[in-house]
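Listed in TrEMBL for this protein:
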type	residues	note
DOMAIN	12-409	domain 'RCC1-like'
REGION	490-521	region 'Disordered'
REPEAT	10-64	repeat 'RCC1'
REPEAT	154-203	repeat 'RCC1'
REPEAT	204-255	repeat 'RCC1'
REPEAT	469-554	repeat 'RCC1'
REPEAT	556-605	repeat 'RCC1'
Amino acid sequence: LAVTKMYDGVSLFTWGGGRHGKLGIGKVQSQVSLPEPVYAFYDLKLQVIEAVCGPKMTLCKLITSSEGTSSFEGKKIGGEKKIELYAFGKVGFLFDESDRYVAWTPRKIDHEYTSIKEQVMLGELNNKTEEEFKAKAWRVQAGDRHALALSQENVLISWGENSHGQLGVGSVRVAISPMKVQLKQQVSNIACGSLHSLALANGNLLFSWGCGSHGQLGLNDTKNRNYPCLVQTLQGSTVKRIAAGGYHSAAILGSDSEDVQEPQVAIWGSNEFGQLGTGNKLGNHKLLPFTISNKAYRVAKTNKHIKPSDFEIALGFNYTMILAIVRGEEDETYLFVAGENTACQLGLGQRSTAGNTLEHLDSWEEYPKVDSGPLSHRSEYPLITKIAAGRYMSAAIVEGNELYVWGETTGLGRKRLNRPTKKLLNEHMPQARQQGKLGPAGIHSFVYEDIDIGTDHALAIVKVDKNLRLLLSWGISSYGRLGIGNISKTQTNMGEGDEEADDHEEKKQQNIKEMPPSQVSVKNLENKPHVIDSFYKSDSVACGNRQSFAINSKSGHVFAWGHAARGKLGIGTDDAVCITEPTELPAFNYAHPEEEGIRSPTEAK
C-alpha cells in the first residue's frame, strides 16, 4: 500500500493479493498488479495520514475535524482535529463479529478501540497497558494462548493473547503482563477454554467472554465478546463450579437452588463430537445452557440409575468427563464420558470418532474387587478423588494416591491406552529413583495434590510427606513446556504462527522429544532463596497448550514456563520464544512466604 498527499480526493492506494478483502476496493480476491485508489475515503471526505498492512487486514489512521475534515483537496476547514481509525479485511475481532467476517471496504472502528489503536500506530503506547499493580494469586487457569488468575482479594486478572477478546479487557491485542479485568463483583471461580473464559462471581452470577463461535459463551448467539457478559439463563440458579473446554462450557448447579431439587450439570457450546452428551445430532450446538437429566447417569453393568449427591467436571478439548458422586456411609463415584474418542481419550476400550451420549466408564485395572489378597477391600468401582482432561489424554486420581491414565499417554510408555490403566510414575523415572528423590516406598505411595493436562504434556504435584512436595512433568518437551531445561531443539522462529500447524510440522520433522516424568528444574530460582522456597510450596498447577504454571496459594506467587510468545506467560516481556525453566511472574512476586512448612527435596534429603 501507499499513502500519498490528497489527489482527486484519494490518499490511499493498494495493490497485490486481494484475498480476505485486505485491499479495501470491494469484493476483489484476485491479484491486483497496479496500485488501485481506495475511493471509500473520498466519499467520506477523509484523508489517510498513515496505514499499516497485515497478512489478512489493513488498518488506516485518518484525520478529520468536528466539522467533517481538517484537510480535503488542499482546503483547510476549521474545527477540532480528531483521529479516526478504519479497518478492512478479515477484521471480525475488531467488531464483535465472527472469525470469518470480512470487511470488503473500510469500516470505522468504534472509539473504545481508537484510544488504544491510535496510540499503537503513533508509537505512543508502551508495554504497560494499565497501571502496574501487584497481587497475591491463589488460583490460575490456562487456555490455549491466555491465562486467568484470581487474587487472594478475589480480583480477576488476565494476560496473554486477546485475539477473540478472551482477556476481557477490551480490544488490547496482547497483554504481556497481567491486567485487571473490570468486574464490580468479587470473583470466586474461573475457567479457561481454548479461546474463551468464564468467571463465577458473588451472587451466583456467571460471566463469559472471548470466542463465541460455537455458542460456548451461553449468550444465545455466536458472537465474540471483549468484556465479561452475564449468562442470564443461569440467574436464579446456585452455580457451584464451572469448567471450560475447547469450544464448550459447563456448570454444576447446586441442590440449594430454588428451581433445582438435586444437583445437576448444565452444559452448552459445541457439539461437533457429541461432547455435550445430550444424544443430539453431531454439530447441533447449544447456544444456551442445557441441563442434563439425572436419568442420563446409568451404571453400565446393571443399567440402573444413580442419584448423585454432587458432581465434578473436567472438559477436554472436544470431550466431557462428569464424575457423579454418591454420598453415603461409604462414598461411591461413577465416571461418565462423551465426545471425541479418536485417541481413546474416553477410555471406553475402543477407538471411535465420537460418542454423543454419556457413557459410564466401567472398566478399570484392579476393579471390580477380588476375593482375597491386598485388594480385597476394593469396591466394584474406584473411589475417584480428582479428574483431568486434555486434548488427547485423560487422568483420574483414585483414593488420593493412585494415578490412572488413558488416551495418548505421551511420556508414560505405551503411546495409547484404550482403558484406564494404573501408572506408577517411578517406573518411568529410573534416574530420579536412583538418586533417592522418590523415597523408599516409590511414587505410587505419594498423595496427588493436583494434576492438570495440556495439549501434549501434564503436570502433577505429589506430596511425599508433610514436609516434602515434588512438582513433576511429562510429555512433549518442545518450547520448554516441561520446565526441565533446554533438552530438545529450541524453537525460535514460531512466535507468531498458527500453533497447530507448527506442532504438525514439528512432528513431521521429528523435532519433538517425548519425555518421561521428571522433576521440574529450579536452577533459574536457586539464587533467590525466598522465591525458590515459595516454588517448592506450590500447591496447584495449570497447563495451557504449550505453557505451564505453578501456584503457591499461600504466598501468592505464580511461576511460569514454556511458550512465551504473545505474552502467554505474563512475565512482562515478549523477547524470548521459550522459557525452559520456571520464572516468577513479577506481578505476583512481592510477598515472601513464611520460613516454616514444606522443605525442598534437597533439604529433605
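For all residues, glycine too, the Cβ spot is worked out from N, Cα and C.
Just so you know, TrEMBL annotations are computer predictions that nobody has curated.
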_Helix, strand and coil counts within the repeat 'RCC1' (204-255) (DSSP)_ = 3 helix, 24 strand, 25 coil
*For the repeat 'RCC1' (10-64), give the DSSP counts of helix residues, strand residues and coil residues.*
8 helix, 30 strand, 17 coil
*DSSP says what for the repeat 'RCC1' (154-203): how many helix, strand, coil residues?*
0 helix, 25 strand, 25 coil
